[in-house]
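Database features (Swiss-Prot):
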type     : residues : note
TOPO_DOM : 1-37     : topological domain 'Extracellular'
CARBOHYD : Asn29    : N-linked glycosylation site
TRANSMEM : 38-63    : transmembrane segment
TOPO_DOM : 64-72    : topological domain 'Cytoplasmic'
TRANSMEM : 73-93    : transmembrane segment
TOPO_DOM : 94-118   : topological domain 'Extracellular'
TRANSMEM : 119-140  : transmembrane segment
TOPO_DOM : 141-163  : topological domain 'Cytoplasmic'
TRANSMEM : 164-183  : transmembrane segment
TOPO_DOM : 184-191  : topological domain 'Extracellular'
TRANSMEM : 192-211  : transmembrane segment
TOPO_DOM : 212-240  : topological domain 'Cytoplasmic'
TRANSMEM : 241-266  : transmembrane segment
TOPO_DOM : 267-279  : topological domain 'Extracellular'
TRANSMEM : 280-300  : transmembrane segment
TOPO_DOM : 301-317  : topological domain 'Cytoplasmic'
LIPID    : Cys315   : S-palmitoyl cysteine
Amino acid sequence: MPVQGSQRRLLGSLNSTPTATPHLGLAANQTGARCLEMSIPDGLFLSLGLVSLVENVLVVTAIAKNRNLHSPMYCFICCLALSDLLVSGSNMLETAVTLLLEAGALAARAAVVQQLDNVIDVITCSSMLSSLCFLGAIAVDRYISIFYALRYHSIVTLPRARRAIAAIWVASVLCSTLFIAYYDHAAVLLCLVVFFLAMLVLMAVLYVHMLARACQHAQGIARLHKRQRLAHQGFGLKGAATLTILLGIFFLCWGPFFLHLTLIVLCPQHPTCSCIFKNFNLFLTLIICNAIIDPLIYAFRSQELRRTLKEVLLCSW
């Protein structure tokens, strides 16, 4: 967290462009070429972070309160919410402290600021990695529940889920510490990109296979009841649309950030790449947006969780 300028060293010094006055327009890069630069107002960034924070706190609270939600599936959803909560909270904290330093409202020695920056960077990076891991874990859990339905409760037990969760958190913290320490090495950035692509491929393969199985099942039912063919076609279209939305949101929110990392390795000095680097804060904002959307996709669709959430909100009043 540099004392001057609101650039983030988080995932490091990945972006060397300080945040300018919020605008959307053409800006000149170092070579004189003109490119589109979109700076995100700090107020908007903090507001989105706050929405994500509240949403995910509600999810974690509801799952913790209701013992019926202490199954492996909801444990993964709870950990996803906790990861998204940390992503939003750490970015909000970094932005807020940076604004206070710039305004002169907060005085701190450079060494203290550097230590705080390192801690926030590790929290942010580890929560991003764990968020991706738990998205993959949820996909695997759903895949097993469909293809191994009869053996699901013997395969995905609560102790195994807890061990998997512990392994994900430990691995995320260790890897993020190494990534932050060696952020200026191309191999580190490539590892992050490969990890993202692996999660994308894993989710795509599992969800496409699940959709194919569901369509196959619906087709079998339609053969027994010929009148239901139109319903089967509608089911296939609805399933395809749901899958497209799920994977599309994942790619749209996370893809630009990892494209940014890829271009740092491939073309750090190219004018076109320099234009993309200027939108680093936009890419972070998209990740915050993903943290807002995740509860809507994975948590709030559960009737039991929504009922518990209503009880929590009513009790708070």
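Note that Cβ sites are derived from N, Cα and C of the backbone, with glycine treated the same way.
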Counts by DSSP class (helix H/G/I, strand E/B, coil) across the topological domain 'Extracellular' (267-279): 7 helix, 0 strand, 6 coil
Stretch among 38-63, 73-93, 119-140, 241-266, 280-300 sharing the most Cβ pairs under 8 Å with the transmembrane segment (164-183): 119-140
Recorded stretches the transmembrane segment (119-140) and the transmembrane segment (38-63) touching, at least 3 CB pairs under 8 Å: no
Distal contacts, the transmembrane segment (241-266) - CB-CB under 8 A, six or more residues away: 11, 14-15, 132, 135, 186, 189-190, 192-193, 196-197, 200, 203-204, 207-208, 211, 273, 276-277, 279-280, 282-284, 286-287, 289-290, 293, 297
Same-chain residues near the topological domain 'Cytoplasmic' (141-163), Cβ under 8 Å, at least 6 residues beyond its ends: 70-73, 75-76, 206, 209-210, 213-214
PLDDT averaged over every residue in the topological domain 'Cytoplasmic' (301-317): 84
